[in-house]
Amino acid sequence: MVKMNRLKQTFDHVNQFGKTDKGMTRLAYSKEEKRVTDYFIACCRESGLTVTFDPAGNVIARRPGEEPDLPAVGLGSHLDTVYEGGKYDGVVGTLAALEIVRDLNDRKIRTKRPIDIFSFACEESARFGFSQIGSKLMTGLIKKEDIAKLTDKHGETIQTIFARRGLDFDRAEEAKRSPHSLAVFMEMHIEQGPILEAQNKEIGVVTGIAAPTRFSVCVKGHAAHSGSTPMNQRHDALIGAAEIALELERAARQEMAYGTVATVGDIEIEPGAMNVVPGETNLKVDIRSISRSSKNRVVQHLRETIDRLEQARHLKIECTMLSDEEPVRMHAQVIDSFEKACGEQNASYIKMPSGAGHDTMNMASLCPAGMIFVPSIGGISHHPDEHTDLSQIVKGIEILEETVLHWAEFPSDSDDRERKRYEKSSF
């Protein structure tokens with residue numbers, strides 16, 4: 001049985017790291033993220049786990065199985081946050097994995113398979129504008145040259161930031177893991193949306209994960225005096241950027257049936273003075289969908305809008321793609337095992353897609369993978385008001401633990417069959 005007091009104590013301790021008056025800020029590879037990671041590692045070791053720290057900064061904590069050479073059952077999430085974020089995103093899934101191991105220890109349950117807990121590095125895109133660096137390196141979905149030019153908002157290079165964290169960027173690809181090292185990967189996460197609460201459901205069984213395509217857009221006009229420059233002679237970079245944002249909203253609304261969304265989440269204006277017509281505006285654009293074709297239509301509309309604005313407003317607009325990822329379907333048998341666990345634990349649930357990206361979408365390239373959601377009160381996330389009741393978290397842990405025990409006892413000859421079934425079910 002999950003010990004709520006122990007879980008709450010660990011949760012509260014984790015959220016002392018990076019705590020500010022405006023929420024939680026534990027950026028990837030920062031000193032705050034290092035402190036919380038060190039605490040998590042200590043908790044894992046206290047629970048008898050063997051901990052390794054790979055060249056990408058991922059933490060892997062292993063509980064041995066009775067048959068140590070069998071592919072492991074993988075669990076986990078992340079501990080980094082966005083700027084001024086909440087206490088639950090990522091933390092819930094990481095601590096759920098730890099609490100499951102603690103409970104198995106309490107009950108003296110041995111599993112055939114090892115259990116690996118993962119705390120992935122740099123899941124959030126807040127620092128570099130590039131998400132899930134740890135799990136993408138672990139799965140070989142990116143090479144170091146794909147991220148070698150990344151910098152944070154202060155202009156620090158990823159190589160410098162890695163070095164400060166005690167990591168050698170040149171060795172980053174050594175984090176790649178064998179596809180036969182895991183039998184399954186599962187992640188528990190807060191929903192980050194309003195659906196479960198609105199439908200009064202305890203669990204969301206995830207069927208697929210939407211994938212983002214991200215751009216950096218630089219709109220260049222001409223800075224000019226705000227008082228002496230007539231309206232018909234301006235080349236206002238901010239107005240051009242505003243049109244891009246509005247056109248993205250319009251295009252995404254037309255694709256809502258596919259769960260498609262578009263967001264301008266960051267904007268910088270130069271020179272940024274009240275009495276100067278903006279000469280340059282930089283945008284960060286995030287387009288997501290569970291449908292590749294729908295997402296492509298919004299991307300195409302963005303490019304057409306840029307071409308039109310360059311001509312109509314005499315602007316120069318540079319559009320740089322930061323990342324382009326594929327939607328991922330969850331493994332049918334993992335979904336089925338989650339549903340069975342919900343039935344056994346008398347938990348109400350719905351099957352649903354994930355609009356947000358998660359490390360699980362990358363782990364799905366290694367092995368059968370699946371996710372469950374627990375409710376987000378008010379649908380709020382990436383915000384200090386983010387909240388999920390402790391009782392809802394415990395219910396999710398119970399479902400996840402039931403599923404872990406099922407997969408941890410799979411006979412060894414099932415691995416190849418399951419891998420083939422997974423490959424056939426993928427997009």
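Any Cβ shown, glycine's included, is placed from N, Cα and C.
When other Cβ atoms within 10 Å of the Cβ of His78 (Zn(2+) 1 binding site) are tallied across all protein chains shown, the result is 30. Under DSSP, His78 (Zn(2+) 1 binding site) is assigned to a strand (E or B) in the three-state scheme. What TrEMBL lists as Zn(2+) 1 binding site is His78, Asp89, His189.
Listed in sequence order, the residues of the same chain lying 6 or more apart from Glu124 (Zn(2+) 2 binding site) and placing their CB within less than 8 Å of its CB are Leu27, Ala28, His78, Asp80, Thr81, Val82, Gly85, Gly90, Ser131. Among the features that TrEMBL reports, Zn(2+) 2 binding site is placed at Asp89, Glu124, His382.
Residues or ranges marked as allantoate binding site by TrEMBL: Arg214, Asn275, Arg288. Sequence-distant contacts (6 or more apart, same chain, Cβ under 8 Å) of Arg288 (allantoate binding site) comprise Ala210, Ala211, Pro212, Thr213, Thr260, Val261, Ala262, Lys295, Gly355, Ala356, Gly357.
Sequence annotations record features per position, and here TrEMBL assigns domain 'Peptidase M20 dimerisation' to 215-308. Looking only at the domain 'Peptidase M20 dimerisation' (215-308), the predicted model's pLDDT averages out at 97.
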To the nearest whole angstrom, what is the C-alpha distance linking Asp89 (Zn(2+) 1 binding site) and Arg214 (allantoate binding site)?
21
His189 (Zn(2+) 1 binding site) sits from Arg214 (allantoate binding site) (Cα to Cα, rounded, in Å) at a distance of 23
Which chain neighbours of the Zn(2+) 1 site, leaving out His78, Asp89, His189, have a Cβ atom within 8 Å of the mean position of the site's Cβ atoms?
Ser77, Tyr88, Gly90, Val91, Val92, Gly93, Thr94, Glu123, Ile190, His358
Among the binding-site residues His189, Arg214, His382, which residue has its Cβ surrounded by the fewest other Cβ atoms within 10 Å?
His382
For a quick check of packing: other C-beta atoms within 10 Å of the C-beta of Asn275 (allantoate binding site), how many?
7
